[in-house]
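Swiss-Prot has this to say about the protein:
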REGION    1-226  region 'Pyrophosphorylase'
BINDING   8-11, Lys22, Gln73, 78-79, 100-102, Gly137, Glu151, Asn166, Asn224, Arg330, Lys348, Tyr363, Asn374  UDP-N-acetyl-alpha-D-glucosamine binding site
BINDING   Asp102, Asn224  Mg(2+) binding site
REGION    227-247  region 'Linker'
REGION    248-453  region 'N-acetyltransferase'
ACT_SITE  His360  active site, proton acceptor
Amino acid sequence: MKFSTVILAAGKGTRMHSNMPKVLHTLAGKPMVKHVIDTCNNLGAQNIHLVYGHGGDQMQQALVNENVNWVLQAQQLGTGHAVDQASPHFQDDEKILVLYGDVPLISEDTIESLLEAQPTDGIALLTVVLEDPTGYGRIVRKRGPVVAIVEQKDASEEQKLIKEVNTGVLVATGRDLKRWLAGLNNNNAQGEYYLTDVIAAAHDEGRAVEAVHPSHSIEVEGVNDRIQLARLERAFQARQAKKLLEQGVMLRDPARFDLRGTLQCGSDVEIDVNVIIEGNVSIGNNVVIGAGSILKDCEIDDNTVIRPYSVIEGATVGENCTVGPFTRLRPGAELRDDAHVGNFVEMKNARLGEGSKANHLTYLGDAEIGKGVNVGAGVITCNYDGANKHKTVIGDDVFVGSDCQLVAPVTIGNGATIGAGTTLTKNVAEGELVITRAPERKIAGWQRPAKKK
């Protein structure tokens with residue numbers, strides 16, 4: 001279905017108490033307006049006209065990769081005025097969908113229903129029935145059909161009793177919308193040009209006005225302050241958690257789980273409390289994710305256990321691995337099958353081979369580590385000389401004792417042993433033992449200093 005979209009995003013958002021434009025505040029790790037843009041793109045919008053005002057530079061920087069038509073509303077004179085700024089770009093025969101950058105949860109299904117309901121010569125608008133309609137424009141009907149929308153400040157006492165309210169979302173053809181926008185005036189309590197007045201204009205011309213309801217009222221809730229944003233965040237996360245539960249993922253507490261990207265899960269996956277998923281994450285079968293872990297843009301293969309409070313970003317973890325607790329895998333880290341990394345181990349741009357282990361207090365950066373390697377506690381690959389990064393290569397079946405510094409570039413051959421406390425600066429051949437230690441001294445009769453009383 002061919003259509004173009006106008007997204008209104010010019011508001012300052014005073015009640016957010018922020019220097020950032022309201023629509024750039026994030027929901028599930030993504031700016032609110034980006035949720036709306038993504039929904040439009042998923043539905044195949046031909047053009048997206050983004051009406052902006054406050055914080056234009058911040059807006060364009062944050063959305064630099066988005067294919068949108070930037071439309072400036074220099075003065076905020078109402079929703080009708082905002083849409084009118086984009087009207088020169090409307091094609092006469094195309095459907096124009098009006099959305100809002102601070103209403104991030106509107107669904108594709110609801111938009112499709114609205115587009116399908118739009119009469120050829122009329123308007124389709126999205127309405128919702130609220131127990132407390134205070135603050136919303138009321139839907140005025142006459143023997144069934146919608147004839148007008150009256151804003152709260154302009155409503156009579158009788159009209160204020162109406163519970164069906166306007167969401168601001170509507171669809172009309174470009175030709176009609178341009179004509180109706182041109183006829184708007186600001187003779188109202190706010191002194192603004194209301195988009196809602198196009199409903200009365202359509203009715204006066206005898207055009208049909210169809211009302212469509214969203215699947216859930218949360219879809220059309222807007223954000224004016226941080227309390228409302230927090231409410232939508234939890235609603236969004238609850239919806240994501242429900243989908244995962246329906247797919248068979250075991251969330252130990254759905255209320256304490258945050259998905260801020262996309263998650264692909266195999267069967268029998270268990271996710272403990274306070275886990276955060278960001279970016280694109282893939283999890284295989286029979287995987288356990290421990291409490292408080294953060295996974296971002298990573299791949300976890302089958303039968304792997306991620307113990308609590310591990311942070312994995314831009315990394316790949318193979319089958320039957322154990323990670324954590326308190327492990328950090330940074331971009332470029334790779335664990336081959338059956339590898340183990342334990343508490344306070346950090347890896348970046350490094351590969352740990354099949355069956356290899358680094359269980360305690362270790363940094364592995366710019367390293368290639370073979371199969372069956374044991375990396376002792378306190379081992380550091382010294383990969384940076386103050387100007388450039390250098391690589392450490394460790395062969396298969398190597399034993400690296402505790403508290404070693406491997407000063408790159410350095411290569412250790414298969415089966416070699418590096419004694420505890422060694423500072424290694426030269427390559428090691430296969431099977432060699434290398435030890436560098438300060439001479440041990442014993443001082444007989446030494447006594448500790450006594451504490452002063």
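For all residues, glycine too, the Cβ spot is worked out from N, Cα and C.
Within 10 Å of Leu8 (UDP-N-acetyl-alpha-D-glucosamine binding site), judged by CA to CA distance, lie the following recorded positions from the set Asp102, Asn224, His360: Asp102. Long-range neighbours of the region 'Linker' (227-247) within the same chain, counting only residues 6 or more positions beyond its ends whose Cβ lies under 8 Å from a Cβ of the stretch, are 16, 25, 27-28, 32, 104-105, 218, 221, 254-255, 257-259, 263, 265.
Comparing the binding-site residues Asp102, Glu151 by how many other C-beta atoms lie within 10 angstroms of each C-beta, the top residue is Asp102. Most Cβ neighbours within 10 Å, among the binding-site residues Gly11, Gly78, Gly101: Gly101 holds that distinction in the structure as shown. DSSP labels the residues of the region 'Linker' (227-247) in these numbers: 20 helix, 0 strand, 1 coil. Taking the Cβ of Leu8 (UDP-N-acetyl-alpha-D-glucosamine binding site) as centre and 10 Å as the limit, one finds 28 other Cβ atoms among all the protein chains shown. Checked against Asn224 (Mg(2+) binding site), the recorded positions Gly11, Gly78, Glu151, His360 differ in C-alpha distance, with Gly11 being the nearest.
A distance of 11 Å separates the Cα atom of the residue listed as 'active site, proton acceptor' from that of Asn374 (UDP-N-acetyl-alpha-D-glucosamine binding site). Classification of Gly11 (UDP-N-acetyl-alpha-D-glucosamine binding site) by DSSP places it in coil, neither helical nor stranded. All protein chains shown were included, and the count of other CB atoms within 10 Å of the CB of Asn224 (Mg(2+) binding site) stands at 15. DSSP assigns Asn374 (UDP-N-acetyl-alpha-D-glucosamine binding site) to a strand segment in the three-state reduction. Around Asn374 (UDP-N-acetyl-alpha-D-glucosamine binding site), taking its Cβ as the centre, 17 other Cβ atoms fall within 10 Å, counting all chains.
Rounded to a whole number, the distance between the Cα atoms of Gly11 (UDP-N-acetyl-alpha-D-glucosamine binding site) and Asp102 (Mg(2+) binding site) is 9 Å. Summed and averaged per residue, pLDDT over the region 'Linker' (227-247) gives 97.
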